[in-house]
Each structure stands twice: as structure tokens, then as C-alpha cells.
Protein chains: 2
Amino acid sequence: MENNIQDLKPTQHLAPPLGGGGGVGSSVSVFAPATVANVVCGFDVLGFAVNAPGDEVVMRVTNKPGITISKITGDDGRLPMDPAKNTVSVSVKHYLESIGRTDLGLDIELHKKMPIGSGLGSSSASTVAGLFAAKTLLGDTSDPIHQLPFAMKGEEMACGHGHADNVAPALFGGFVLIRSYEPLDVVRLPHPKDLYCAIVFPDVDVPTREARQIIRTKINMKDAVTQWGNIAGLVSGLFMNDIDLIGRSMQDVLVEPVRSMLIPDFYKMRDMAMELGAVSFGISGSGPSVFAFTRDEATAHAITQKLQQHLTGIKIGSNGYVSPINDAGPRVV
Amino acid sequence: MENNIQDLKPTQHLAPPLGGGGGVGSSVSVFAPATVANVVCGFDVLGFAVNAPGDEVVMRVTNKPGITISKITGDDGRLPMDPAKNTVSVSVKHYLESIGRTDLGLDIELHKKMPIGSGLGSSSASTVAGLFAAKTLLGDTSDPIHQLPFAMKGEEMACGHGHADNVAPALFGGFVLIRSYEPLDVVRLPHPKDLYCAIVFPDVDVPTREARQIIRTKINMKDAVTQWGNIAGLVSGLFMNDIDLIGRSMQDVLVEPVRSMLIPDFYKMRDMAMELGAVSFGISGSGPSVFAFTRDEATAHAITQKLQQHLTGIKIGSNGYVSPINDAGPRVV
């Protein structure tokens, strides 16, 4: 398992063959998973992937060099069809340039199967689906770590900053730590196999840019110490398969107190989830989605049901998802 | 392995027998190890124990209830002989009270075998040696976690705050994370077996209280994110036996830039150690001792030798120590 990108040489993946019968007209459909970034105590450095929701990209080799987008569904017209402005095509373009295959023609259909602006890594799921589709068409079997920089280019365009805490788990699956950005250093973490995730997206608008802007830039050293004790505890719990320790460690004294204000009845929902047996509860990414870890699937279903009922009662629509942690990352469908 | 103290009931260790032939006149000698707290990126939450240096306590059962201190050596007269003011006797008194054995008479000889105010957990080593001696005389075989609160009482008196990042590794041996103080939650971490530690104590005065006072109370969120990415990387490296990752993660953007000013030629010494092949280099606790991790004993010796030569050249006396990580904690000698 290759855990960091520091020694990555561009020449390592120059011009892979266009394998798998990938001539003009050949195509592939790829699903890439939604992701929960931050994971309560790991602001900007932790994330994990889930089985549902996620996005789908259908990619086809064309006979005209360059990237086109022929269709986008499920976005209510919110995403740009212009290949120079869409995160999927921009990432794929960077990838093709890096391997010297700008001669290639690729057409993209993007099928959004998850809400945009939900805090579930919507743009990352699309981007990673696109990159994996291109990689598959090219027969490129290199470690997915090599595509992380291209995926981050997409994130940079979508969110205004090239963070990796959504794209990295979407690319690799599982739990991922971004130890450092400069140089980029990514560590894939284990997790208890029986950990389930309940996600609820309350249909209110919390744009990522705004959610970032309300976070304080100066914090108390004392709170920072609490936070890094907790992330060290969470990482230990993941390695030790200690779900109690994972639960005790998932506390956020810095970001959640501010961002929770943008989420309707956040603390009420947390109490409900904890009463139903959640291991932990928090904001997914920059919100408004919330998530809970549970020890089994039934508890996760009970939590999504209860929270969605509550949101309906206060006249807010919602989506609910239940999933184990996704260890596979993107896959051909 | 019991990893947290949250559920500790005082009744769990009420009145253990005075075993091991421990009547009046019986005695025991105990060594307890020095410790490196903070470990560069784990300010206030991480620490580990080493085989050398350390302190020794000789404890004897007397026929008069109460605790006496009959001798202290190696302290140049700096430590109090008054049992109400010495960290060793104060901790032991709290322990005896907790198990309802204030009827017992114990006499303490403390042999300081390490410098005071060195940043190597000098008071913790003494305290833990005293607690382990009392526990041994009493035939108390309970998990050492139960003695952590008493050891912290000693630290509180010695340093003005009841921190656990020295006493916990001195008590347990190995690498220890203090995930939280309220409630106290301690996690024992694994480490690569071949990791060596080179320690150099430059004989300059850096009192713990002052070293704490120069640390900023407000910090940048950006720096805090860097720091918790690093502690998460260090903990991952410890679990994964990945010495490269441990080395990459051991960077401190918050405390070292300030505290290093109190240490003569800190950055010169760091460069020397890294050039000789150190995995990492930093301040031990609040300094002035510095330490390096290495992959073998020979490199650790080369580093202590080089740094001590350099300090001699700038007219500063020093002590050097080379040790693997101590996994045993205190022991009868």
C-alpha cells in the first residue's frame, strides 16, 4: 500500500495503453461514493467514504480530440455543461495532460444521484467517477494516489480551495487521513468492520464557501489541545477496533459550535441519535448533512427514520442514507 | 488492557493485603523511568518512557503510622524533606488514603539519578517510583492506571498543574496518549520495536512554569490543523510500524518555535542530529533537554556524542542518554 505521494514521478504514469478494447465508441459507467469529511474532530484532515449516496459518470471514447459533456442529469440545471468549467472534465483534462494523452477524445455523461451542496462531497464523487472512468478506459491500473492531484484541481474549482478530505476517501474508499498538504501526504486508516453510518441531509442551503467563512481563524490553544487529543484518540480507536474509544473521541470544540448554527435543530437531532444508541454524531463536511456512527444497520435505520420524521415536523425536507464504510472507492457499474 | 479510567470505582482497590512478607522492617527498591512528554506534535497529550535516566526510591515499612522521608541524594539539596511538600510522599499519602491504609508507616529514601528541571519528567520518575514501591509492599497487583490520579496529585504540586503526559508513560511504560483530562482517558499506544531515543540535557535553567508561560494562548486555526494532521500521522505511524511516517509527522509549528529560544543552539543541534540520520528531533517536555528518534543504537550514540561535543564547545555542560523505548515502566531493583 502506497501511503504518500511525495516521491511520485510524473514519468511513472506516462502514456498507459488504451487497453480493454478501448477504441473509439467504447464506453464505461462508473459509480463513485459520497464522503463524510472532517469526521467531527478531524477538521480538514479526515474523511471516509460510504456506499450510498454517490454519483455516476458514463464516459465514451470519441473520434475528436478533447473532452465534451453531452448530458448532466439530477442537478436541476445547476452544474455547468462547459468542459472548461465543470469539475469532472477539468480533472480528467489534467489527468490526460499528465499522461500525455491530449490526443484522446472523451465524452462525459454525469448523473447526479446525490444532492448538491449537502456536505457529502458531491463534487468529489462526480470528479472521482470521471477520473476512474478515464483511467478504466485507458487501462491505467496505477495506484489511485496518482490521481489525487487531478481530483484536487476539480475541488479547487468547485469550492475555491484544493482540499483533499473528500476526494481522497472517494478515490481510495475507507478512512483517509491527509497528514499534510505541502507536501501532500495521505495515510489510509483501518476501521472496525461493523461500523455503520446513518446520514441525514436536511434540505436547507449551506454553501461550502460560507460555511468556511464563519469559522474562527484564531482559536484558544487549550481548545486545540482538546481537539488533537481527540483526533489522536479517534485514530487509535480505528486501529484498535475500539468503537467506545472512537465514540468518546468524536467531539469537536472548535468547528461544530459555529457550524451547527446553520443546521436546523442540530443539538435536538444529536440528542435523538445518541438516545437511539449512536456511537457518535456530528456534521458531515461543512453541512448541512449530519451523520451518526452506529454498531449495526438497524440502529442506523432507526436514526435516519427518527431524524427525518423530526425534520418533516418542522417543515424541512430531507434525504436519509444508511451504509457501512465503503472500502472499495469508485467502481465500474 | 484497561485503557481508560472513567469507570474506576475507589472500592476496586480498597485494602489490599500487605503481601510479600511486608511486615514492619520489610523494604523494596524501585526504579522508575524518565519520560519524554509532548513528543514534538503532541503538546500536553503524548509521552513515552525511556530506560535511562530514571530515579530510585527505597521504601521501608515502619512501626509508626505516617510517611517519613529519611534521605534524599542527588538533588543538591533542592528537594523538600518535609513529607507534606515532597511529590513522592504526597502521592503515596493520597494512594494510602484511597485504599484506607493510613494506619501504615512508610519511610522513603529518594535517590535522584537524573537532573532536576531537565524536561525529562524528573518529578514524575520520583513519584512513580514511590507509588510503585508502596504498591509492591502492599501486594497490590491492580492495573497501574488506578495510581495515575495519585501521581497527578504529585505533578500538580511540583509543576502547578496536574498534567499526565509524564506520569502516565512513567507508570505504564511505552507510548501513552492522554486523550482527555476530564474525564481522564488514557490510551496506551504501540511503537516500532527498533526505535531508539537519543537524549541530550544541556545544563541550562528552563523552569517548567516559565516554559509554559511563554506559550501563546491564542493560535491560528491553520496552524492547529497542521498540528492535528501531524499527531494523527504520528499515531498512525506508531500503529503501522512506519518509521518514515513517524519522522514526517514529528513537526511542531506551535510550541517549538517559542520554546526553542530557551535552548542554546536548538536549530544547530537539530541540523546535526538530522544529518547524522535521526528520524526526528525535538524538545523533550518543556526543555531544555532535546531528543532524537533513530532506527538503531549506534546512530543514537553518534548523535548524543556530537551534540554534547558541540555544547562543550559553547561552554555548556550536558548529559547524554541512549535508550530504546521503555515498555516496562517502574521495576523493583
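A Cβ is built for glycine as well, from the same backbone N, Cα and C atoms used for every other residue.
So that you can see what the record holds, here are the features copied from TrEMBL:
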type	residues	note
BINDING	B:Pro115, B:Ile116, B:Gly117, B:Ser118, B:Gly119, B:Leu120, B:Gly121, B:Ser122, B:Ser123, B:Ser124, B:Ala125	ATP binding site
DOMAIN	B:87-174	domain 'GHMP kinase N-terminal'
DOMAIN	B:240-311	domain 'GHMP kinase C-terminal'
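What surrounds the ATP site, by Cβ distance within 8 Å of the Cβ centroid and not counting B:Pro115, B:Ile116, B:Gly117, B:Ser118, B:Gly119, B:Leu120, B:Gly121, B:Ser122, B:Ser123, B:Ser124, B:Ala125, is the set B:Ala34, B:Met114, B:Asn166, B:Gly285 from the same chain. Sequence-distant neighbours of B:Pro115 (ATP binding site) (same chain, 6+ apart, CB under 8 A from its CB) are B:Pro53, B:Ser122, B:Phe201, B:Asp203, B:Asn319. Using DSSP to sort the residues of the domain 'GHMP kinase C-terminal' (B:240-311) gives these counts of helix, strand and coil: 40 helix, 9 strand, 23 coil. Looking only at the binding-site residues B:Gly117, B:Gly119, B:Gly121, the densest Cβ neighbourhood within 10 Å occurs at B:Gly121. Sequence-distant neighbours of B:Ser123 (ATP binding site): residues of the same chain at least 6 apart with a C-beta under 8 Å from its C-beta are B:Thr87, B:Ile116, B:Gly154, B:Glu155, B:Ala158, B:Cys159, B:Asn166. Assigned with DSSP, the residues of the domain 'GHMP kinase N-terminal' (B:87-174) fall into helix, strand and coil as follows: 51 helix, 7 strand, 30 coil. The Cβ of B:Ala125 (ATP binding site) has B:Ala32, B:Pro33, B:Ala34, B:Thr35, B:Pro53, B:Gly54, B:Asp55, B:Met114, B:Ala170 as same-chain neighbours under 8 Å, each 6 or more residues away in sequence.
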